[in-house]
Amino acid sequence: MFDQADALLLARIQFAFTVSFHFIFPAFSIGLASYLAVLEGLWLKTGRDVYHDLFQFWVKIFAVAFAMGVVSGIVMSYQFGTNWSVFSDRTGPILGPLMAYEVLTAFFLEAGFLGVMLFGMDRVGRKLHFTATCMVALGTFISAFWILSVNSWMQTPTGFAINEAGQFVPAGSWWAIVFNPSFPYRLVHTVIAAYLTTALVVGAVGAFQLLKARGGDRHVDADDGDPAEAGDDAGVARSTAAARKMFSMAMWMAAIVAPIQIVAGDFHGLNTLEHQPAKVMAMEGHYDSHPDGAPLILFGVPNPAEKRVDYAIEIPKASSLILKHDPNAPLAGLDSVPDDREPPVTILFWSFRIMVGIGFAMLGLGLWSLVARWRRQLYDWPWLHRAAIGMGPSGFIAVIAGWITTEVGRQPFTVYNLMRTAESASPLAAPAVGASLMAFVIVYFIVFGFGTWYILRLMSKGVLVGEHGIDDEAPIRSAGITPGPAQQAKGQAPVLSPAE
Amino acid sequence: MRPGERAEGQPLWKRLGWMAAIWGASVGVLGVVAMLLRGWLNS
């Protein structure tokens with residue numbers, strides 16, 4: 001079946017496929033772990049049950065996402081040995097220790113304290129449990145730190161020498177390797193992306209529950225005896241309060257963090273222009289050099305054969321203004337790069353625009369939520385809620401598009417300008433790589449399809465009230481909302497403060 | 001009783017002991033899985 005195929009291309013497709021699946025889960029769990037720490041911290045500080053309800057809801061989803069992230073991550077490690085053994089041999093002395101630190105962090109911080117987080121509340125008490133949650137959040141961040149350091153070194157290698165065997169080996173300080181020139185920018189941009197991705201998922205779930213509560217659906221699908229779903233008014237009020245709280249928190253994140261991310265992305269782009277100019281040329285669609293200011297191509301169809309962008313819609317000199325902060329600054333194009341060092345323009349051109357477009361859509365959603373908050377309609381604007389639901393998966397699309405931009409932009413090298421992708425692969429025949437690729441596609445769609453379905457099912461059920469009972473005689477007070485149980489007629493949306 | 005309150009009646013050393021035990025068990029389970037995978041790959 002794969003006899004005529006190119007083994008290198010199949011190995012690249014396999015890595016791209018598995019890393020795209022894998023990246024979804026850490027992008028979610030990095031943000032979710034921090035969100036859980038914030039929720040538990042707020043619960044400890046304020047004593048409001050709504051934060052504990054939200055914690056209990058999201059911790060189950062975190063556990064499933066974390067498990068799928070670990071499983072899909074192990075496959076990545078295997079591929080270094082199977083399909084990319086030459087790369088592993090030559091870069092191992094540099095990248096091996098960094099990846100070992102990542103594994104140690106995942107082992108002893110994330111996985112270890114995850115057990116306490118999931119099962120330890122009634123054994124260790126609230127403060128120690130909160131410590132464990134913070135350790136898990138810290139662990140996800142430190143894991144990201146090491147993995148992004150590895151990736152950044154491949155983009156901007158520093159602090160190395162090449163020995164007689166052709167291996168990259170440390171030369172001088174490890175600080176130069178770990179904190180290579182693109183690392184701080186990539187770390188900030190990626191971690192913020194993970195936070196935004198999580199915020200948009202949380203916002204979508206909150207919006208979905210608000211729309212559901214507005215339609216009175218929560219009173220109909222009683223199937224498991226849960227008070228929130230069985231039509232218990234107090235339970236409904238409390239789970240609706242939780243939906244409001246998570247939607248509000250998520251929209252604050254979108255409004256505040258999306259603009260920060262755009263600025264961080266701009267700094268990352270300037271750093272890329274300095275160290276990997278060909279990548280930026282391809283992202284911008286600049287086949288030709290522009291000595292008197294380069295235009296910003298908003299849209300167009302790259303034509304690699306003719307080395308031009310067809311049907312281009314441009315803003316004159318805007319690219320020079322963005323990249324050099326001077327509209328008349330000269331900007332080199334791909335005509336200054338040898339053909340055998342040129343990254344694939346079409347993929348980069350589109351992946352970059354998808355990422356940027358989604359970033360601005362996130363900003364738009366955040367601004368819309370500010371308007372809604374100002375008009376006291378944050379919880380009463382169905383189109384805003386529908387938009388938030390629509391934007392729920394956008395963070396995942398954006399991080400994958402961003403990842404494609406940075407990785408395809410490094411081509412045709414694995415270690416930028418030093419080691420070509422073609423010389424990094426294992427000497428395997430195409431059928432061997434193709435068979436494992438087919439196996440991965442089938443297994444991934446079954447395993448991760450089921451995992452994703454399970455996560456979506458948990459999300460659609462909404463926040464269920466905690467196991468501790470509610471005093472029916474007392475008014476419910478969650479997140480500054482005070483609807484007494486008697487005020488809640490069955491089938492009606494709870495009376496809640498619009499200004500929360 | 002609110003979540004976690006039952007444990008807070010226990011002395012600190014006991015709660016720290018539980019934390020260490022659950023943490024150790026979590027790492028241990030992952031370690032066993034990793035060792036099995038390693039053994040499988042080396043076989």
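Cβ coordinates come from backbone N, Cα and C, glycine included.
TrEMBL lists A:481-500 with the feature region 'Disordered'.
Residues annotated as transmembrane segment in TrEMBL: A:15-36 (among others).
Positions annotated as transmembrane segment by TrEMBL: A:57-78 (among others). If you look at the transmembrane segment (A:57-78), the same-chain residues 6 or more away from its ends with a CB under 8 A from one of its CBs are 15, 18-19, 21-22, 25-26, 28-29, 32-33, 35-36, 39, 99, 106, 110-111, 114, 117-118, 202, 242, 440, 444, 447-448, 451, 454-455, 458-459, 462-464.
Positions annotated as transmembrane segment by TrEMBL: A:98-121 (among others). Within the same chain, residues 36, 59, 63, 66, 70, 77, 128-129, 132-133, 135-136, 138-140, 142-143, 146-147, 149-150, 153, 177-178 sit at least 6 positions outside the transmembrane segment (A:98-121) and bring their C-beta atoms closer than 8 Å to a C-beta of that stretch.
With a cut-off of 8 Å between Cβ atoms, the residues of this chain six or more beyond the transmembrane segment (A:128-148) that come close are 26, 29-30, 33-34, 36-37, 40-41, 44, 98-99, 101-102, 105-106, 108-110, 112-114, 116-117, 120-121, 183, 186-187, 190-191, 194. Annotation source TrEMBL lists transmembrane segment at A:128-148 (among others).
What TrEMBL records for A:187-208 (among others) is transmembrane segment.
Sequence annotations record features per position, and here TrEMBL assigns transmembrane segment to A:246-264 (among others).
Proximity of distant same-chain residues to the transmembrane segment (A:347-371), defined by a Cβ-Cβ separation under 8 Å and at least 6 residues beyond the stretch ends, is recorded for 196, 200, 203, 251-259, 261-262, 265, 279, 282-283, 285, 299-300, 302, 309, 378, 384, 387-388, 391, 394-395, 397-398, 401-402, 404-405, 408-409. According to TrEMBL, the transmembrane segment annotation covers A:347-371 (among others).
The transmembrane segment annotation in TrEMBL covers A:383-404 (among others). With a threshold of 8 Å between CB atoms, the same-chain residues lying at least 6 positions outside the transmembrane segment (A:383-404) that come near it are 16, 19-20, 23-24, 27-28, 189-190, 193-194, 196-201, 203-208, 210-211, 247, 250-251, 347-348, 351-352, 354-355, 358-359, 361-362, 365, 368-369, 372, 377.
The transmembrane segment annotation in TrEMBL covers A:428-456 (among others).
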Intrachain neighbours beyond the transmembrane segment (A:15-36), with Cβ under 8 angstroms and 6 or more residues off its ends: 55, 58-59, 61-62, 65-66, 68-69, 72-73, 75-76, 79, 83-84, 117, 133, 136-137, 139-141, 143-144, 191, 193-199, 201-202, 249, 395-396, 399-400, 403-404, 407, 437, 440-441, 444, 448
